[in-house]
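*Asks:* Look at TrEMBL and you will find 664-674 tagged as compositional bias 'Polar residues'. For 66-227, the entry in TrEMBL reads domain 'Glycosyltransferase RgtA/B/C/D-like'. The domain 'Putative mannosyltransferase YkcA/B-like C-terminal' annotation in TrEMBL covers 557-655. Annotation source TrEMBL lists region 'Disordered' at 487-549, 663-688. Annotated transmembrane segment per TrEMBL: 76-104, 116-135, 141-159, 166-183, 189-207, 214-235, 303-322, 334-354, 360-378, 385-405, 411-432, 453-473, in sequence order.
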Amino acid sequence: MPAYRAWRTWALVAICLLAALLYGWELGADGNVGNTYYSAAIRSMTESLPNFLFGSFDPYGVITVDKPPMALWPQVISVLIFGYHGWSLLLPEVIAGVAAVFLLHRTVRLWSGERVALLAALIFALTPVTVAINRTNNPDTLLVLLLIAAAYAVTRAVGAAADRGRVAWLMWCAFFVGCGFLTKMLQAWIVVPALAVAYLVGATVPVRRRILELLGAGAVLVVSSFWWVALHGLWPGTKPYVGGSKDGSAWDLIIGYNGFGRVFGGGQSGGMVTMQNGKATMGSFGGEPGPLRMFNEMVGGQISWLLPLSLFVVVVVAVPVVRRGAPVVRAGWLLWSSWLVISGLVFSLAQGIMHPYYTTAMAPAVAALCAGGLAVLWRWYRASAAWVLLPVGVAVTAAWAFVLISRDTSWYGWCRWVVVAVAAAAGAGLVVGRLSSSARRSSADGAPVRRTAIARPALAAAIAGLLLTPGVWSVATATVNANGSLPAAGPPATGGMPGTPPPGGGPQGVGGQQPGNEKPGADEPGGGRPRGYREPMLVTSGGTGEARLSDVQRRVLEYARENGAGAEIDLAVNSSSGGVAPFIIDSDATVIGMGGFGGQDDAPSIDQLQRWTESGTLRFVLSAAPGQQPQQLPTNSPDRRSTLQQARQRWIEQHCTVVAPSTYGATSQSSTGPQIIGGTPDTLYDCS
């Protein structure tokens, strides 16, 4: 292998190894199993074929997770091969993350050459939110890989010389997007306009033929997206209720919770829970919708480090190049620019649930545009009157990095001064280098090309300076235990939730109630609250992320199993998924949750509970204490589901009897204990 090719190969290997190290460092350490909602489902999916096909959350197959199951299938296969461990759950995510880095390199290389591809792969690997999400088992990692695969396929289609190869690659593009639909539904379709425009502009066949071929790709997209929906609807045997839907169908999930509900709001609860006057209110994890959401305090540190540069490139580079570039080049610029702009607008303006980690889907476009844009700006710097655009782009991006770091100087605040110093030195070097250089040779179009010994080191320093803080944040993210439910890079509060209790549990509460939650001054005379009052404890719908049973929880489960009289379901928990997950993850018992992720779905229905208890299928239920209705997590658009958990609670109180805590070795709960919003209930009922 020639030396000039060998270094490129080894550079790519080094970048992929860096990605593997960041994504896989201490994989599954300290009992980390990722997102407990999905980790519980993965264990349940090993129990039966319907559970596997439909992504059942519980081993009895009552309700699915609120996403299609494709992202979970590789994890189930890994668990079947290696056993159920934290590292075996997360290993497929590491592999998919590294594969995405490699495939992005291959895609960008087809469009803009080897060096640009290497830089794009490095930028992508060091994107903080990408590191955070690839260290958990959320569906976004596989989604990003599939979307990059679609970009690779459409790039191959545009560059194919033969008709057969072109059409085949276009169909593969549609298939990959369809697979993406089966990971996170309509989020995968956000990039469809970008892919279609790239093919329309880049393909060299007549326009009518391009349109017909795109229609054929559309048919492939529909089939590859909806076959699972049809399978669930037509399945002849017992099948689980689709979590997140209003009627148990996959179609309702597409249109509602995972579709228009994300864009226009409404649906199940999701967002930042805060307390106001003792009441839970719901905000948005990603901050208020608006054009600047990608730059706010919740999202900015995840994705926006190089966003100013990528947007700068779209305006000053992509627009001019698209007007006069070769078809393949134009297609590439349109693909990545449209990907970035459309995704950014959707995430910025979405009224529904918008987690900051969703922005990992923007990372491939940011990386490709920054790498490709720097290459073009470098050429212009050497041979054009527009040379000043390169130092301007560096300065703007460095200034934004300074702003981001300054928001919390306790978290590697020293980086801001290094970034400023390096950017200033690099900018000065670029200006001095340009002004002091002379034309040495001519470019292909006859324009003079300036060469200088200062400019190249200045450019390298500029790139290193811009990647410094994302790199530091990425390394920091890789060396701490990930928050599987709300993965985020940056300071510990980023992506977290005010008032959320730490993992683990107090010695008394089944749900991990922590003592000492008294509000300062609450018991003082005139404080307006009774002595002993404690603020409600906030737990997200997905729970605290705790994967292990507390001592009391284990005693409850053991008692239910020993006294179940042959019941097929050992224990039912009237709670959101976070309260149920430890029972599934940390035992081999048949435990079901009621109501899915947020405890608000109609599964099991009250009629189903009635049949189960009458037939002996279910005997024991864990729910709230009598007279203490489980407070619902707030919803942006309340509907009939918001009352289902309370209706189940009323039925339980009317048809079941409380089991004394002393019976299974626990102590009575204090009536003045904090109310757990979205957590595990603490009262065992016998429904025989």
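Quick reminder: no glycine exception, Cβ is built from N, Cα and C everywhere.
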*Asks:* I'd like to know the mean pLDDT over the domain 'Putative mannosyltransferase YkcA/B-like C-terminal' (557-655).
*Replies:* 88
*Asks:* Look at every Cβ pair spanning the transmembrane segment (453-473) and the transmembrane segment (116-135), keep those 6 or more apart in sequence, and say whether at least 3 of them are under 8 Å.
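*Replies:* As far as Cβ distances go (cut-off 8 Å, pairs 6 or more apart), the transmembrane segment (453-473) and the transmembrane segment (116-135) touch.
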*Asks:* Pull the DSSP breakdown for the domain 'Putative mannosyltransferase YkcA/B-like C-terminal' (557-655) and write it out as helix, strand, coil residue counts.
*Replies:* 41 helix, 13 strand, 45 coil
*Asks:* Determine which recorded stretch among 116-135, 141-159, 214-235, 360-378 has the most C-beta pairs below 8 angstroms with the transmembrane segment (189-207).
*Replies:* 141-159
*Asks:* For the transmembrane segment (360-378), find every same-chain residue at least 6 residues outside the stretch whose CB is under 8 Å from a CB in it, and list them.
*Replies:* 100, 104, 107-108, 111-113, 115-117, 119-121, 123-124, 127, 129-130, 133, 140-141, 143-144, 147-148, 151, 187, 190-191, 302-303, 306-307, 309-310, 312-314, 317-318, 321, 332-333, 336-337, 339-340, 343-344, 347, 389-390, 393, 459, 463
*Asks:* Taking contact to mean 3 or more CB pairs closer than 8 A (sequence separation of 6 or more), are the transmembrane segment (385-405) and the transmembrane segment (76-104) in contact?
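*Replies:* No, the transmembrane segment (385-405) and the transmembrane segment (76-104) are not in contact.
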*Asks:* Among 141-159, 166-183, 303-322, 411-432, point out the range having the most Cβ pairs under 8 angstroms from the transmembrane segment (214-235).
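*Replies:* By the under-8 Å Cβ criterion, the transmembrane segment (214-235) pairs most with 166-183.
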*Asks:* Between the transmembrane segment (303-322) and the transmembrane segment (141-159), are there at least three Cβ pairs closer than 8 Å, leaving out pairs fewer than 6 positions apart?
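*Replies:* Taking Cβ pairs at least 6 residues apart, the transmembrane segment (141-159) and the transmembrane segment (303-322) are not in contact, as fewer than 3 fall under 8 Å.
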